[in-house]
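Per TrEMBL, the feature transmembrane segment maps to 12-32, 38-59, 79-96, 102-120, 132-149, 155-175, 187-207, 227-251. What TrEMBL records for 23-268 is domain 'Sugar phosphate transporter'.
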Amino acid sequence: MEIRADADTSSFSSLFAAVSYGFTSMAMVFINKAVLMQYAYSMTLLTLQQLVTTLLIHFGRKTGYTKARELDMTTAKRLLPLSIFYNANVAFALASLKGVNIPMYIAIKRLTPLAVLVAGCFSGKGKPTTQVALSVILTAAGVLIAALGDFSFDLFGYSMAFVSVFFQTMYLVLVEKSGAEDGLSSLEIMFYNSFLSLPFLMFLIVATGEFPNSLSVLFAKSYSFSFLVILILSLVMGIILNFTMFLCTIVNSALTTTIVGVLKGVVSTVS
């Protein structure tokens with residue numbers, strides 16, 4: 001009976017993590033649209049989100065509200081590649097949007113499950129079931145067909161998008177590995193990722209020319225109550241999105257997380 005109860009609990013946790021990530025992802029699409037209509041500095045928003053995440057988890061740990069362990073530099077060094085891949089994914093995704101239209105970009109990102117599938121085979125996870133493999137291959141085939149019909153083909157944009165897929169695959173595989181081998185919770189991985197991302201993101205907002213205009217516009221718009229509500233909602237939902245993404249990857253797998261992302265993209269396109 002105990003084994004059955006443990007299995008039921010595990011199944012519920014896996015389903016809850018996947019559904020939570022899916023709903024949060026869809027919600028973020030509309031929230032991001034709302035906030036970017038008033039504040040177009042996306043990299044500054046991401047930097048604020050990571051800063052708020054780091055501070056919230058840190059103070060939550062200090063006050064006893066979270067059970068995350070203290071910052072350990074050995075763990076931070078081990079998770080540095082994860083953070084590098086995470087931020088490289090963001091940087092190359094933004095670069096790709098300069099040459100690829102948004103629908104085509106979303107289509108290319110749907111190759112991520114195939115990349116995760118291949119990475120899993122090479123990392124010794126074994127072969128997936130035939131049904132899973134076929135569904136992933138069919139999704140990839142659909143992307144290739146869409147690419148052939150894209151008359152606005154831009155080599156640079158496509159190259160950046162494919163590199164972004166590679167980096168997204170790598171950081172999701174590392175998240176899954178960190179949860180399984182290092183025993184880190186999704187909250188702890190999120191803390192290290194946010195903490196290690198800050199220097200890179202600060203460099204990025206300067207390199208992209210967002211700083212200092214982004215801060216002056218932010219202060220000017222902070223007098224608007226409606227803007228503050230949308231901004232806070234965007235920051236909070238961004239934190240929840242990262243948490244549910246890491247949770248889904250740890251509880252289920254990197255492949256499940258990418259498939260949920262594809263389903264989210266389909267629903268978002270239809271709606």
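Quick reminder: no glycine exception, Cβ is built from N, Cα and C everywhere.
Keep in mind that what you see is a predicted model, and the values were worked out from it rather than measured.
Remote same-chain partners of the transmembrane segment (38-59), defined as residues 6 or more beyond its termini with a Cβ less than 8 Å from a stretch Cβ, comprise 66, 68, 90, 94, 187, 190-191, 193-195, 197-198, 201-202, 204-205, 208, 210-211, 213-215, 217-218, 221, 227, 230-231, 234-235, 238-239, 242. Confidence over the domain 'Sugar phosphate transporter' (23-268), given as mean pLDDT on the 0 to 100 scale, stands at 80.
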